[in-house]
């Protein structure tokens, strides 16, 4: 038996030996992984340089404002187009050209105007009359009436026809409506194209569809933004409620851990049960209603999610999903009921540790602020990089011409050879790009920007884990609690992490960042290859995505435990990761049962908080609470604030529970070390609490017993 035990330990490393000088986290330690610290500092300097370059060349106005054929912004304050907020297309029918899908521009002149045309008028009719004063505001800036009509229309100085239009996303689109099933614009069922020909309204519809297709995503974003502007304070109230519930839950957990865990389990089951009941009631209510039996497949994707709530199949799907979750949770609770008692003991011990280090509950705010700083820098740099291209002008024409698609200069295009080669062609703004070294490097800079975001974000999370681990390890290794607990354990752990272990944190976060950026690239390639019919390529891509997902999960698990060892012993990252991994492998059964059951209980706590706040938000924003029915704001998509509240509530609950989770993981690792280092004798007493000793049938022997 002893030989087997020796072989087992040899296979998974050597257990920690008794050290009479060890009293918890080592204070006299040296710097670790200095090379990685230097690399991180150099990378940050380079990241700042990239940000400065991007801010120098970038122009976010290119995202906000529409751009005319000369590359000038419509509605931008401080410019000559400050009062011209709308983009007007000379001939929107040409937007039906396939060129729109290739160049993302309609092959027709576009100008900025103060307001969209509100009457039907042709250039031939307006020319030489008083109505031309109204008409010429839709001609190119600086137009002078010294050309023949044919020259004006050929050169694209004025549109051939004005059609009643309405603004949509700062663009002028024909005001098309249906009257008794017939499409009309104004009071007409057809229109004159300005060249003496009558055309059908459907031509306008096709042109408007193609032009509008480019803007649908932006229009959806604008409607979502409108919902945020009228509901942001209610969203904040919902997040505050989630914060209060999380804090209240953790305070109660400190004093009533056992009762709270069982109450939490029962409440989650009841919440899911109510969800099943509500889905069944909605399913029954829709029986017999017109259109409620349409299948989800036949309906297809709809941006207005309220449409799905009028289908019986939707509520049936919800009911099945919730029922499956209910059965899974009940079965897990039945088979893990004995292990739950052990997990409760760990949570109680963690509650005591958090009680002695109460400032640890505020540390997630520090992590949150640092992450917000990383996100803000990454997002602003990405926007400035994406808008740092120069305006590129190309030749557009609705005729077949060799020069179409070539770059041009709008200043001298009328005197160029391409203009004479392609009569009726226009040199207009196409997109933002460039051929300089900087512009060719933009994709690489965007990848570097994303990589640095992952690295710094993971570094911030690692700093928080090491800080909390150091504080809670100080609690565990205090033989007489709380008398032997050092003053300000959280601040001491934070200082040690930054002073000695910045390099180790940079090393661990670098490994994770590399895997994450590879996963992002794989997702990008997967989107690009979706149209391909190569089954082997799809299979290979799926395998790669799965492998790197598993690798990321493993590295996160290994890093977390390595950071605990760094906080305790002050060793470098590789040594800490190896020791933590072998320690866990020597106690793999305890890891699988105790640690993961505790994680499961914390997940149930998050679901309870998120579910409660989510249900409250659903009833509020759908005007189903009669007391505050008139208080809820009118919305385009009520799911926007509901999803925001749900995601925000989860992040808040996760922030609070992450402290508890780190505490449990730290105490668990310290507990395993305690079992290997000590034997309960006077010389080598156990540091674990009396509760854990009773739970594991361990005791510290008294002098007479020794």
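Every residue, even glycine, has its Cβ placed from backbone N, Cα and C.
What you see is a predicted model, and the numbers here were worked out from it, not measured in a lab.
Taken from Swiss-Prot, the feature topological domain 'Cytoplasmic' applies to 1-33 (among others).
As annotated by Swiss-Prot, phosphothreonine applies to 14, with the evidence given as similarity to another entry.
Counting residues 6+ beyond its ends, the transmembrane segment (34-54) has Cβ neighbours under 8 Å at 377, 380-381, 384-385, 388, 438, 445, 448-449, 452, 455-456, 459, 502-504, 506-507, 510, 573 in the same chain. As annotated by Swiss-Prot, transmembrane segment applies to 34-54 (among others).
The topological domain 'Extracellular' annotation in Swiss-Prot covers 55-232 (among others).
Here Swiss-Prot flags 187 (among others) as N-linked glycosylation site.
As annotated by Swiss-Prot, N-linked glycosylation site applies to 200 (among others).
According to Swiss-Prot, the feature transmembrane segment maps to 233-253 (among others), an assignment based on sequence analysis.
With a cut-off of 8 Å between Cβ atoms, the residues of this chain six or more beyond the transmembrane segment (257-277) that come close are 249, 318-319, 322-323, 325-326, 329-330, 333, 340, 343-344, 347-348, 351, 601, 604-605, 607-608, 611-612, 615. Feature annotation from Swiss-Prot assigns transmembrane segment to 257-277 (among others).
Beyond its flanks by at least six residues, the topological domain 'Extracellular' (278-315) meets 220, 322, 637-639 of its own chain at Cβ-Cβ distances under 8 Å. What Swiss-Prot records for 278-315 (among others) is topological domain 'Extracellular'.
Taken from Swiss-Prot, the feature transmembrane segment covers 316-336 (among others), and the record attributes it to sequence analysis.
Per-class residue totals from DSSP over the topological domain 'Cytoplasmic' (337-364), listed helix then strand then coil: 27 helix, 0 strand, 1 coil. Annotation source Swiss-Prot lists topological domain 'Cytoplasmic' at 337-364 (among others), citing sequence analysis.
The list of residues near the transmembrane segment (365-385) in space but at least 6 beyond its ends in sequence, with Cβ under 8 angstroms from a Cβ of it, reads 50-51, 54-55, 57-60, 63, 442, 445-446, 449-450, 452-453, 456-457, 460-461, 463-464, 655. Swiss-Prot lists 365-385 (among others) with the feature transmembrane segment.
According to Swiss-Prot, the feature topological domain 'Extracellular' maps to 386-440 (among others).
The annotation transmembrane segment is assigned in Swiss-Prot to 441-461 (among others).
Secondary structure of the topological domain 'Cytoplasmic' (462-504), assigned with DSSP and counted as helix (H, G, I), strand (E, B) and coil, comes to 30 helix, 0 strand, 13 coil. The feature topological domain 'Cytoplasmic' is assigned by Swiss-Prot to 462-504 (among others), with sequence analysis given as support.
Among the features that Swiss-Prot reports, transmembrane segment is placed at 505-525 (among others).
Take the transmembrane segment (316-336) and the stretches 441-461, 505-525, 600-620, 639-659: counting Cβ pairs under 8 Å, 600-620 has the most.
Tertiary neighbourhood of the transmembrane segment (505-525): same-chain residues 33, 36-37, 39-40, 447, 450-451, 454-456, 458-459, 461-463, 466, 497, 541, 544-545, 548-549, 551-552, 555-556, 559, 562-563, 573-574, 577, selected by CB-CB distance under 8 Å and a gap of 6+ residues from either end. For the transmembrane segment (639-659), the list of distant contacts is 224, 227-228, 231, 234-235, 238-239, 242-243, 245-247, 249-250, 305, 354, 360-361, 363-365, 367-368, 468, 602, 605-606, 609-610, 613-614, 617-618, 621: same-chain residues at least six beyond its ends, Cβ to Cβ under 8 Å. Remote same-chain residues near the topological domain 'Cytoplasmic' (462-504) are listed as 22-25, 27, 29-38, 40, 350, 352-353, 356-357, 359-360, 363-364, 366-367, 370, 559-560, 563-564, 566-568, 570, 572-573, 576, 659, 662-663, 665-667, 670-671, 674, 685, 687-689 (criterion: CB distance under 8 Å, separation of at least six residues from the stretch ends). Across the topological domain 'Extracellular' (278-315), the model assigns an average pLDDT of 76. Within the chain, the topological domain 'Extracellular' (526-563) has long-range Cβ neighbours (under 8 A, six or more residues past its boundaries) at 462, 465-466, 469, 505, 508-509, 511-512, 515-516, 518-519, 573, 576-577, 580-581, 584, 662, 665, 669. As a summary of secondary structure, the topological domain 'Cytoplasmic' (660-706) carries 24 helix, 0 strand, 23 coil according to DSSP.
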